[in-house]
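Here's what TrEMBL has on this protein:
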- A:12-29: transmembrane segment (TRANSMEM)
- A:58-78: transmembrane segment (TRANSMEM)
- A:87-105: transmembrane segment (TRANSMEM)
- A:151-172: transmembrane segment (TRANSMEM)
- A:193-219: transmembrane segment (TRANSMEM)
- A:225-245: transmembrane segment (TRANSMEM)
- A:257-276: transmembrane segment (TRANSMEM)
- A:288-304: transmembrane segment (TRANSMEM)
Amino acid sequence: MFLSMFGAVESGIIYAIMALGVYLTFRILDFPDLTVDGSFVTGAAVAAISIIHGVPPIVASLLALVAGFLAGCITGLLHTKGKVNPLLSGILMMTALYSINLRILDKPTVSFFNETTFFKQVQSVWEKTGIDSLMNGLLSSVGLTQVPKTWAIIGVMLMITLIVKLLTDFFLKTEVGLALRATGDNKKMIRSFSANTDSLIILGVGLSNALVAFAGGLIAQHGGFADVGMGIGMIIIGLASVIIGEAIFGTKTIARATLAVIGGAIIYRMVVTLALRVDFLETGDMKLITAVLVIASLVLPNMLKSRKEKKRRSEKRLQIELRRKKEGVTDA
Amino acid sequence: MLKLQHLSVTFNENTPNEKKALKDINLSLKKGDFVTIIGSNGAGKSTLMNMVSGSLFPDVGDVFINGKQVVHLPEYKRARMIGRVFQDPMAGTAPTMTIEENLAIALSRCKKRRLTFGVTKKRRELFKAYLSKLNIGLENRLMTKVGFLSGGERQALSLLMATFTEPDILLLDEHTAALDPSRAELITQLTKELIETYELTTLMVTHNMQQAIDLGNRLIMMDKGEIILDISGEEKSKLTIEDLLAEFKRLRIEEFESDRALLV
């Protein structure tokens, strides 16, 4: 049980980078971008093939990021210069990327278990720090018999995701970032303040897909393979993370919202892991579970809010009635 | 400062809906001119404003700002020289962003946006000073999201955002029309003060004739895509609503008469 949860958190933190990308388009730009399903695989494919050809893993991961950025820019171009509807430009790009990804990989699945990946490199450095034995010692002292093999991935990913989050927070507060946010908020207004909304949309969708592809490259290195179908349903996982996170942690400031998205990505993984342990649910039910999760986090907060509001009103009415009774005033 | 030459535009040309929105408009504003524009719906007032701002392009004609030909420049490029307030109080600000973030966006209107913090401590002090001049308490609510402000407050903020960077041209498109009388009065007062402070060259469209008479140093009446009346200086200061209505009738009935003469 502990181990499967540990694994859920571990991959949740990597997927959180993808979710941050989805947050950029879906929330900041108000651009429902479906390129994600394709660009995630593009990232995985570019990282896998680069590593197999002897490119250092860190460089391979950055190449994945650049590939995603380019894919996103094309979606942005389709929408702004080609005047194609946002959903349709995403779908078109996603479809085109499927073939491109297959070209990059050359076959549906490429595995590279034996190659040196970013995580293997990190692990070899990590082992020397002695954190593993310390953490596992702590765990066994509280009575856990099964301890994780390594804390390296969770540790280093926590750091990388946090850096990505802080960079995103910073960017969204810069002059360019403010203009980008205003583009998603009120295009007419930001144009009257001399911002080129077309280039901002292209930049925003590009950055979003850069993060998605970066996450794809890391997931491929984590699992040791890249598969042309590994991106199917990725956008809905991203949306689930954003929506669940926002429902639980709130969105008062940008820093809070990006933290919420990371939290949402981890919680999503944990819930799915838990759900799959229920006897009658199978792996194939995962998409259904995701859909139900998203629906719940969209509908429940609204229901709770309206119930709270009703309660507040009935209490107010009760108070007034009591006061009237005390003063001896009757409606009659 | 602003010069429009032979501006003409026709919408839906060669269809039953064809509309000559502007017919050979010539207009020249000196620096510091404050021109009010009146006219019935469809007279071409908004089209004229959109020609200046660049959200619409003319079929023929030229637009010069500060001696520079801008007729080919897209809206976002011209916006460096133009401040604008819209009729809809929701249109001029970004609702999910805070007051200070909105002001920061307005501050970077005339320069290239960079990767440095939009809101800094120094800028916050500057914003506070500007906001306190509005006298509606916004200086204590810098971190409030603009979506929480009332229509009047949002319009006051829009007005400040459009003016405090001292644009070459200020465009006001019926910017008090959506407010209640007392708010409209406040915004009108602010408009006057801000334009005087920064000596802005202004074009203001309004449906309120009294406002058109009270404000500015020049008044233009438009009808069917043409400027039919242009009054300035002393003549304008003596103007009354009755005069305007009488003048409108005289000008248009004359035409009506001549049309009828043609029919007969």
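Backbone N, Cα and C define each Cβ position, glycine as well.
TrEMBL entries are annotated by machine, without manual review.
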Seg_contact(the transmembrane segment (A:12-29), the transmembrane segment (A:87-105)) with at least 3 CB pairs under 8 angstroms, min sep 6: no
Hey, which of A:58-78, A:87-105, A:193-219, A:225-245, A:257-276 has the most Cβ-Cβ pairs under 8 Å against the transmembrane segment (A:288-304)? A:225-245
Cβ contacts the transmembrane segment (A:225-245)/the transmembrane segment (A:58-78), at least three under 8 Å, sequence gap 6 or more: no
Considering only the recorded stretches A:58-78, A:87-105, A:257-276, state which has the highest number of Cβ pairs under 8 Å to the transmembrane segment (A:193-219). A:58-78
Six or more residues out from either end of the transmembrane segment (A:257-276), which same-chain residues have a Cβ under 8 Å from its Cβ atoms? 4-5, 7-9, 11-13, 15-16, 18-20, 23, 27, 161, 165, 168-169, 237, 240-246, 248-251, 282-283, 285-286, 289-290, 293
